[in-house]
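Asks: The region 'Disordered' annotation in Swiss-Prot covers 1-26, 1525-1556. The compositional bias 'Low complexity' annotation in Swiss-Prot covers 1-14. Taken from Swiss-Prot, the feature domain 'Helicase ATP-binding' covers 37-214. Swiss-Prot lists Leu50, Gly51, Thr52, Gly53, Cys54, Gly55, Lys56, Thr57 with the feature ATP binding site. According to Swiss-Prot, the feature domain 'Helicase C-terminal' maps to 400-567. The domain 'Dicer dsRNA-binding fold' feature in Swiss-Prot is assigned to 585-675. What Swiss-Prot lists as domain 'PAZ' is 856-978. Feature annotation from Swiss-Prot assigns domain 'RNase III 1' to 1010-1173; the stated evidence is sequence analysis. Swiss-Prot lists 1214-1358 with the feature domain 'RNase III 2', giving sequence analysis as the kind of evidence. The site 'Important for activity' annotation in Swiss-Prot covers Lys1340. Here Swiss-Prot flags 1384-1451 as domain 'DRBM 1', drawing on sequence analysis. Per Swiss-Prot, the feature compositional bias 'Polar residues' maps to 1533-1547. Per Swiss-Prot, the feature domain 'DRBM 2' maps to 1569-1645.
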Amino acid sequence: MGDAAAAAPAAAAAGPSSTRGEPKDPRTIARKYQLDLCKRAVEENIIVYLGTGCGKTHIAVLLIYELGHLIRKPSREVCIFLAPTIPLVRQQAVVIASSTDFKVQCYYGNGKNSRDHQEWENDMREFEVLVMTPQILLQSLRHCFIKMNSIALLILDECHHAQPQKRHPYAQIMKEFYNSNSVEKFPRVFGMTASPIIGKGVMPSHSFTEKGGRSPCQPLIFFLPKGGSNKLNYTKCINSLEELLHAKVCSVDNEELESVVASPDMEVYFYGPVNHSNLTTICIKELDSLKLQSERMLRASLCDFKDSQKKLKSLWRLHENIIFCLQELGSFGALQAARTFLSFDGDKLDRREVDLNGSTSSFAHHYLNGATSILSRNKTDGSHAGSFDLEKLEEPFFSNKFSVLINVLSRYGLQENMKCIVFVKRITVARAISNILQNLKCLEFWKCEFLVGCHSGSKNMSRNKMDAIVQRFSSGEVNLLVATSVGEEGLDIQTCCLVVRFDLPETVASFIQSRGRARMTKSKYVVLLERENQSHEKLLNGYIAGESIMNEEIDSRTSNDMFDCLEENIYQVDNTGASISTACSVSLLHCYCDNLPRDMFFTPSPVFFYIDGIEGIICRLILPPNAAFRQADGQPCLSKDEAKRDACLKACVKLHKLGALTDFLLPGPGSRKNKVSVTNNSSNNKVEDDSLREELHEMLIPAVLKPSGLKLDSLSNLHFYYVKFIPIPEDRRYQMFGLFVINPLPVEAETLQVDLHLARGRIVKAGIKHLGKIAFEKEKMMLAHKFQEMCLKILLDRSEFTSPHVKLGNDVTLEINSTFYLLLPIKQKCYGDRFMIDWPAVERCLSSPIFKDPIDVSVHASYSSNESLRLLDGIFSKTDVVGSVVFSPHNNIFFFVDGILDEINAWSEHSGATYAEHFKERFRIELSHPEQPLLKAKQIFNLRNLLHNRLPETTESEGRELLEHFVELPPELCSLKVIGFSKDMGSSLSLLPSLMYRLENLLVAIELKDVMLSSFPEASQISASGILEALTTEKCLERISLERFEVLGDAFLKYVVGRHKFITYEGLDEGQLTRRRSDVVNNSHLYELSIRKKLQVYIRDQQFEPTQFFAPGRPCKVVCNTDVEVRLHQMDIHPDNRENCNLRCTRSHHWLHRKVIADVVESLIGAFLVEGGFKAAFAFLHWIGIDVDFNNPALYRVLDSSSINLSLMDYTDIAGLEELIGYKFKHKGLLLQAFVHPSFSQHSGGCYQRLEFLGDAVLEYVITSYLYSTYPDIKPGQITDLRSLAVGNDSLAYAAVEKSIHKHLIKDSNHLTSAISKFEMYVKLSNSEKDLLEEPACPKALGDIVESCIGAVLLDSGFNLNYVWKVMLMLLKPVLTFANMHTNPMRELRELCQCHGFELGLPKPMKADGEYHVKVEVNIKSKIIICTAANRNSKAARKFAAQETLSKLKNYGYKHRNKSLEEILIVARKRESELIGYNEDPIDVEADISVKMKSPHIHEENIPFQNTETSFTRSSKFHNQIIAGSGKHDVNNGRNNQPKLATQSGRLPSEATEKSNKKVYHGDMVHKTARSFLFELCAANYWKPPEFKLCKEEGPSHLRKFTYKVVVEIKGASATLLECHSDGKLQKKAAQEHAAQGALWCLKQLGHLPKEEDVRV
């Protein structure tokens, strides 16, 4: 869509105005006439008509300055400055920015980038002057990026292009938007031009005369002719320009300008007349013969018609350029042109190189080499261009015209400070002349360069180089430019003294502008004119006379006539205001097609057929097979161009109604090209960055554990739960404990079973059992609270016990955000299975001296020596010491005392010495009471996370018994801390924090289940443990994780959303459907849905940290509120110093990635699938806010519409294909569509791409289900890797070849056929043979048909996944064994480099000779491995290079440290596969009733739109009949049959001529010519239009007869080239009609016309 599709802002151009400096006032340097014109422009719309160099731009700057109050920010209005070329845009932006202090931004582009509404809105808010090409503004207005109401001042440079009878963007802006009734406020309009007219001007009767005896080198000074001029066109141009711009043309008296601007003297130099020499004629004949030879070779080598036509056109253009240079410049000029093409443009003219007789040259190079040889033979032997003198420059070496140019340059070249521009029409001529002039010694004083547009196709010309050349010309480094029209306007060239028109200007404006380049005083404007060429003389005369006439007409108009305005049909979208018209409909349609999915074998593009009807020309538009629909017919129009525009407008309207165009009339989401912002990163990167962003969220506290209504100072009834511990193996004793809570736990919580993982693989299975309620008196409650506080201090904060006194009962307040529960030791009653709290044990612990006030501690009781022990802090009874906690200050360690070793004391032997000696040597302690028995003690352990997925510390897979480790301690080195706190009690308490953490999480999951259950009953089908698994991330490092559920849920979500989009949006292509699905399933959207349902509070994303275990008796000390939240939880902390990032506060804050919050949605879907099936998952999706429902009629419409493909039934063996697939289709059209490649467009139906989208989605789910169920123990990442291997294009392509379904692919691309054949041959080789060959690129189409086939089965079965499951297992059986596993080599290479710390370099691919050359570099310490590969597909080339690099690294001995997938699958536990969760009721679909009809009717919808009418019912019926009567076609699967030549004689059989000029359409009598009928027949069958050629003219001039032949190219199984000749006729139309009659008769006999049809012509 041209410039509008890409408004690339050039901030550099407007850099000076980006900041406000000192005020700039452009009035200080303005001339009087500029100020006068500016004053008038402030008051009304005007068009300033001044010559080049008269300061028009400065008047515009003055106007911007005067109206600055309207655009100064914060005003929402702007000034828009339009310039028709990119150099002008850049130049004018710099001028405005340097002359004013406005914020300026300029826009231009080539369609590679695009800007959205938000970016335009931002720029309108930031900048005050926007300088752009008119196409950008036009498209921005059409798509409502910019509205006319927001423009305060509209400036149009070179505004003469705005003519109502033209479709220039200037004219369209004014016609469609300035004159629109919807515009409330119109901007001020200011136009600038050096010539207010367009075209060639008037043709005066005066002609140039050349005085006799004058040398060709002497100029003819021209004098203005008088009279005889036709002024009407000038008047119309000026009147029309004023009317369209709503402005008045204003100018300045010539006398005032003469003192300011110099006007060059004009001189005319004659050459010729042109009479080509014999040598030139011979060269032309030889070049023609060379062209024919190249054509024959090209046709013989290429079997693809489209490819050969493209190459032929390139060859013809090349030949025509060489011939033109030969005639205009001579043989040496043509030789230079050929050499230039050969060195620069070979690839441009013929991108895909094809070998010729073993040579590596392309057809273009073959022709150029031959042309160079021919032209070189005619050059004087041993001579060089630089050695020639002026006298020797004669024809045919140089043409006479070129010799005159050299004479002119020789004459003026010796003048001081001379600078010259030579204007030519063609780029080829510019380059050839420049090359020759640079090498002529006689012109060595000229330093020459050529200047052409950067869009000219020249590889060595860019905008930067253009600017550099102009800069060098201005500085004098270059003093001669050979330029095309790009030098006439848009480039600031001010110091030119001589302008030479080698070729005449084509318009008056071109004449004036090129002349205006000679701005210096005493400048010359030289025109080369051919002698005796009357048309050229009249043309030049008209240009010269036109300027005077324009001035007269501006002063006093002689007529009010104007050109008729070209009316446009417009379609407008009501809710956005976006609009399209017939002016832009063609470009918009091409833009839509350009955004359709494509591959290297197919380029989507519309095809146009024209039908010459009675009421006018009708255009039939055929869209690509992957478009939303296939055909649109326009209304009868007077010209092909208007008919084409009308058909395109109808197509665009229908595309919008089908959703393929958005409400802003742009290609819908999912277009092939990513819409990349020119100022920001891509939207994909933004979404990715957002998903990785961390946010602070609270974690939910289980409501059942909150202390609601509990008072510690009163009687309370608590629910009693017995905590069960089952050690495996039974190598430890555990004190029985009870859990006491205020509210009863949910029933599902009572089923809690947790494996607590100890060292060496040992496990304790823990659970709870409800035993009823128990009453707590006030004293008992306080006692229990103190006991729990004591236990937690010993486990987590035991450093407090190093002091002689510890106070309990400080933290007895109950916070609303905290939990309340009690963990107390229990014992079995003496009778029955009843349990009770072991209050004596509690009281005994709390009676320890450390908890008493020092002043309250009585003197130790006296014990007998046999019953007591002397400890560090006194004498204690042995019964108090055993089963207590002691502290040894000499090593700062706490111990459990498990017993007293009566037989061992300090004198006993220990490690070759006594214990006394050991303590003296090790700790320098002299024991005072060595006779005391030693204590058997066990060090108190640090509390650990027992939910951790700990790896066994030995190679044994099961836990083994582990003997406890005890030490012997002298009692006198220990101080007694807690009496009665035994080792068994400590062991139990070490398990309880992990158990309670899991219980809290389970209670949170139950709460979420209750929330969902209140909204949909299907939530009852999922267990709380399943929900908990779906809420727990891998970061928790537990034995449960959401990742497996997430993998399954992600695949299911893509399937059901893709299915919904497929059925709902029938008009969207594969790419748009993918984008629509992505909009729903992407992390950003899932995050929003999750936040809306507050799922983030349920997520568990941190591993249990025992040090941050808070419970009654150990409350959280970090009080968090809104005032300190940000300070407490800082995010911008270095990863190495993030102590506070996971700080636990009173509000349970934690940091969560957005992606994690999104992943939980998918994991919950997976959980519902596994436990509740599809129906439960659908209910959850509806609750979360994802719509996946659709109406059955929508499916029926899709099934019914598939019958359009039944016309292809003869292309393949349907029964055989169904047998290969293992499924019998009810709707055969679906099966046929699944095998139609988009390159095949010779039918009315579509291609497989939409079915491929659907099949890809369902295949991903069923493969995921297969892997999930078959391998229950493999990691989620490994499931993803295996799935990628299974559904990768290579694997699917292998499956297609193994099952031979690829032979049924319907295609029309010889390149694709060749690629498939190469791949098929490779697949069928043995492994040893494959090792010797490079694997060919896998054609994507092979994998696509497997996916589209799966999609077709899904639709035909009414979404019955059981059928899809069976077909998948059969088709992919060789793949699912994973026998020949091929991982992605690029991924494997990246992982290998990361594993070993190698630096991986991937330079950008370089394209040359039609192939991508890819390099892979790996830096191994001081050595670099470099591997390269080349392929037409860049991904394939990178794959090959990566494979070679991997091979080299493995040869060096570098391997991945982790197990490969092959090794994992060998040992993985395997179960029988199953289709997970499928309990959906399939839709009842009836058999296709039209299956017996080989030729279904095609119904074209009528398209209503503004200012147009819909008809063509007649054409649609005709199309139906043509399809119905078509003979058998065959795509040949790429086999190119040479066309048969069938020639029909000029005379027709009598039965053919007896038929009359009428054709019956279902009872309607419609008159139609045979020629028109033939055009319609070709269009209906998607053939090329018939070609009529004049064969012979005979007879005298007044009785001349014409004989025509018509050529019809019939595509199909028997490709036929039909030629029919007419009899001699007095009129050409009659001869064409007679030939068409013969063609129709032959087509009827061949079966391409219904036998029952009566065709009389």
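Quick reminder: no glycine exception, Cβ is built from N, Cα and C everywhere.
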Asks: List the other residues in this chain whose Cβ sits within 8 Å of the Cβ centroid of the ATP site residues Leu50, Gly51, Thr52, Gly53, Cys54, Gly55, Lys56, Thr57, in sequence order.
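Replies: Same chain, not in Leu50, Gly51, Thr52, Gly53, Cys54, Gly55, Lys56, Thr57, Cβ within 8 Å: Ala194, Val261, Gly516.
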Asks: Counting Cβ atoms within 10 Å across all protein chains shown, which of the recorded positions Lys56, Lys1340 comes out on top?
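Replies: Ranked by Cβ atoms within 10 Å, first place goes to Lys56.
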Asks: Honestly, do the domain 'DRBM 2' (1569-1645) and the domain 'RNase III 2' (1214-1358) touch, with at least three Cβ pairs under 8 Å and pairs 6 or more apart in sequence?
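Replies: In this chain the domain 'DRBM 2' (1569-1645) contacts the domain 'RNase III 2' (1214-1358) - 3 or more Cβ pairs sit under 8 Å.
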Asks: Helix, strand or coil at Thr57 (ATP binding site), per DSSP?
Replies: helix
Asks: Taking the Cβ of Thr52 (ATP binding site) as the centre, count every other Cβ atom within 10 Å, in any protein chain shown.
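Replies: So the Cβ neighbour count for Thr52 (ATP binding site) comes to 20.
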Asks: Please report the distance from the Cα of Gly53 (ATP binding site) to the Cα of Lys1340 (site 'Important for activity'), rounded to the nearest angstrom.
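Replies: On Cα coordinates alone, these residues lie 59 Å apart.
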Asks: Within 10 angstroms of the C-beta of Gly51 (ATP binding site), what count of other C-beta atoms is obtained when all protein chains are considered?
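Replies: So the number of other Cβ atoms within 10 Å of Gly51 (ATP binding site) is 21.
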Asks: I'm trying to understand the geometry here, so how far is the Cα atom of Gly51 (ATP binding site) from the Cα atom of Lys1340 (site 'Important for activity'), in Å to the nearest whole number?
Replies: 59
Asks: Within 10 Å of the Cβ of Thr57 (ATP binding site), how many other Cβ atoms are there?
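Replies: Other Cβ atoms found within 10 Å: 21.
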Asks: Where DSSP helix means H, G or I and strand means E or B, what are the helix, strand and coil counts for the domain 'RNase III 2' (1214-1358)?
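Replies: Breakdown, helix to coil: 99 helix, 2 strand, 44 coil.
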Asks: Average the per-residue pLDDT over the domain 'DRBM 2' (1569-1645) and send me the rounded value.
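Replies: PLDDT averaged over the stretch: 83.
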Asks: DSSP secondary structure for Thr52 (ATP binding site), reduced to helix/strand/coil, please.
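Replies: Where Thr52 (ATP binding site) sits, the three-state DSSP reduction gives coil.
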Asks: About how far apart, in whole Å, are the alpha carbons (Cα) of Leu50 (ATP binding site) and Lys1340 (site 'Important for activity')?
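Replies: Between the Cα atoms of Leu50 (ATP binding site) and Lys1340 (site 'Important for activity'), the distance comes to 60 Å.
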Asks: Quick one: Cα separation, Thr52 (ATP binding site) versus Lys1340 (site 'Important for activity'), in Å?
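Replies: Cα-Cα distance, Thr52 (ATP binding site) to Lys1340 (site 'Important for activity'): 57 Å.
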Asks: Test of understanding: give the count of other CB atoms lying within 10 angstroms of the CB of Gly53 (ATP binding site).
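Replies: That number is 18.
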Asks: For the domain 'Dicer dsRNA-binding fold' (585-675), give the DSSP counts of helix residues, strand residues and coil residues.
Replies: 28 helix, 20 strand, 43 coil
